[in-house]
Amino acid sequence: MSKAGLVALALGLMMFMNFTSQCYGALQFGFYNGKCNSTDVEDIVEGVIAGWIKKDPSIVAALLRMQFHDCFSNGCDASILLDGSNSEKTARPNLSVRGYEVIDAAKAAVEAKCPDIVSCADIIVMATRDAVAWVSNIDVPSLLCFTSAKEGDTDVQTGRRDGFESLAEKVDLPPPSISVSDSIKAFAKRQLDVSDMVYLLGGHSVGVAHCSLFQDRLYNYQNSGLPDPSMDPALLATLRAKCPQNETIDNTADLDQNPSSALAVDNSFYRQIFFRRGVLKFDQDLASDPQTQGLVTRAAFGYSFPYGFGQAMVKLGEVQVLTGSQGEIRKIVPRCQ
């Protein structure tokens, strides 16, 4: 989204400021105000993220995935950033997580202005927020409490501290093969409800998946020797061309198969899965399972996505946070290790 678009979004957000009480909890807005001399910490992070996105727009998907993997496994404590032979980074679901250098750059820029003040956990959340703001196609004022519009002074909550522990065996992320019912249970363990789950999947609007994760749907669904009958035939042909049956290279495909919005955070992804154009089986199941079908339909054709996505991201950022005297503020630069 352009700066002009962000201004428009900010004006709209001001109309909804009476809802901001929903965003308060153990964290707070403006936690770093006055703690970095006369410098705005969030401005520093936003500047770094803007520079990265101009070079590589795909970093938005990487940051969304990083925040989800960090918060979902051990709480939002930046434990995914820690190195080690048995750290979270080494767990199989995290081997393809990327974007660490972006967090390093933001941390280094903040440390240069006010050392030992800002946590890596907060930097992950701020960086993800700013990344979404820059590529959002949302025209309605409803990424409340999540999407930052500096002119409107609407910010994410901060005040997280960094954790000491990072263990691969504690990484417990829903696999691509999970059922909708089991996924709902997994999210509930993190105090995230079915609505949060559906809207957090909006992150797939800018994501990609490797062919190996869905190739069975193209050629041998449930060992039938046939493709998944729930997949749109045109999508099947497109994906087979991208993922040949005997290909040795594991190519990728956009999870939002609308070329005009594959790099934008919007509701196009939900329209794709509504029309049986979901790349991953789990994504497609969201559109047909009675527990989630209504939410998908509203997200696809109504105005619920921006607010729903924003609120879900806020709740994700509150999962098992460390505040006050808990944890630490990591000091090693350039890495948040």
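Yeah, the Cβs are placed from backbone N, Cα and C, and that goes for glycine too.
Over in TrEMBL, the protein carries these features:
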SIGNAL    1-25  signal peptide
DOMAIN    26-331  domain 'Plant heme peroxidase family profile'
DISULFID  Cys36-Cys114  disulfide bond
SITE      Arg65  site 'Transition state stabilizer'
ACT_SITE  His69  active site, proton acceptor
BINDING   Asp70, Gly75, Asp77, Ser79, Glu88  Ca(2+) 1 binding site
DISULFID  Cys71-Cys76  disulfide bond
BINDING   Pro174  substrate binding site
BINDING   His204  heme b binding site
DISULFID  Cys211-Cys243  disulfide bond
BINDING   Asp256, Asp266  Ca(2+) 2 binding site
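Neighbour density at the Cβ, taken as the number of other Cβ atoms within 10 Å, is lowest among the binding-site residues Asp70, Asp77, Glu88, Asp256, Asp266 for Asp266. Of all Cβ atoms in the shown protein chains, 17 besides its own fall within 10 Å of the Cβ of the residue listed as 'substrate binding site'. Of all the recorded positions in the record (Cys36, Cys211, Asp256), the one with the smallest CA separation from Arg65 (site 'Transition state stabilizer') is Asp256. Using a 10 Å radius centred on the Cβ of Cys211 (disulfide bond) and all shown protein chains, the other Cβ atoms total 20.
Sequence-distant neighbours of Ser79 (Ca(2+) 1 binding site) (same chain, six or more apart, CB under 8 Å from its CB) are Asp70, Ser73, Ser87, Glu88, Asp162, Gly163, Glu165, Ser166, listed in sequence order. Of all Cβ atoms in the protein chains displayed, 15 besides its own lie within 10 Å of the Cβ of Cys114 (disulfide bond). Taking the centre of the Cβ atoms of Asp70, Gly75, Asp77, Ser79, Glu88 as the Ca(2+) 1 site, the nearby residues of that chain (Cβ within 8 Å, site residues left out) are Cys71, Ser73, Asn74, Cys76, Ala78, Ile80, Ala121, Gly163, Ser166. Around the Cβ of Gly75 (Ca(2+) 1 binding site), the number of neighbouring Cβ atoms within 10 Å comes to 19.
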